[in-house]
Amino acid sequence: MLLQQPDESPYDVNFQLFGFPIRIAWTFWLGAAVFGWSLVQFFDRMEGSPGRLPLLLLWALCMLFSILIHELGHAFAFRQFGVESSVVLYHFGGLAVPRTTNNYGGFASSFAPPRLSPAAELWIALAGPLAQLASAAVMVAVVKAMGYSVMAFALMPYPLSSIPGILEGNDFESVGLFALVTFYVWPSVIWAVLNLIPVFPLDGGRIMRSLVMMGGGQTDTWLWISMIVGGACTAYGFSSGNMFLGILFLSLAVGNYQMLQGPTRY
């Protein structure tokens, strides 16, 4: 499938954090630049802009911290159930890779028999988006406490753009600070919400799978739900002109269909 852990390369960045091996694939920086270029250009047109290169670097760092927090949420949840894992950041986001199972986390593509209970799988899947949203909420709270508006929500679809009071407040005098808040809050919220859509193997798909299995449902049930929702998201993506969204969910829907037709399902 389209979404899978990239091979290691000499251009990757490797380090340890909280006992978890972290690998930042070189493709992560490429993906960050592509996804953030339009937003960087928007801020660069403002008076007082520090320039495209500093803005692009700021965007990439915000993406790095946001997605790393998401994957660390999965990794800490795995550890809670006695499973150690590593984190990989790459062009489609990130993966928390447990040492006893296959790829897991936001934008993973592997499909392996579960080694944990459905309840444990549910919590592990939920921990990533919750950690990411919590980090965004902290920044929003600080910005609002200082009397500023959080215009990042104006770039989000309804109903996120209509949260009461979120757009009220003073404007930032500094383009750099305005960009910092927007570059962190916008992808953190959008990434987490996107991952909560019930399409396997996104976090929302794993949550939905756990709920179906906990309710006594069969594999076919959650695969059909995932495939139908994936198809609907594909149609929305292409009809709204969002090619990335359309291609992403098309690949996921096709993958779910292949699993539904496969000889070995659980």
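Glycine is no exception: its Cβ is also placed from the backbone N, Cα and C atoms.
Note that the structure is predicted; figures quoted are calculated from it, not measured.
Taken verbatim from TrEMBL:
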| type | residues | note |
| --- | --- | --- |
| DOMAIN | 60-214 | domain 'Peptidase M50' |
| TRANSMEM | 20-43 | transmembrane segment |
| TRANSMEM | 55-77 | transmembrane segment |
| TRANSMEM | 122-143 | transmembrane segment |
| TRANSMEM | 150-167 | transmembrane segment |
| TRANSMEM | 179-200 | transmembrane segment |
| TRANSMEM | 221-238 | transmembrane segment |
| TRANSMEM | 244-260 | transmembrane segment |
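For the domain 'Peptidase M50' (60-214), the model's average pLDDT works out to 90.
Cβ atoms under 8 Å from those of the transmembrane segment (150-167) belong to residues 39, 140, 143-144, 178, 181-182, 185-186, 189-190, 193 of the same chain, restricted to positions at least 6 beyond its ends.
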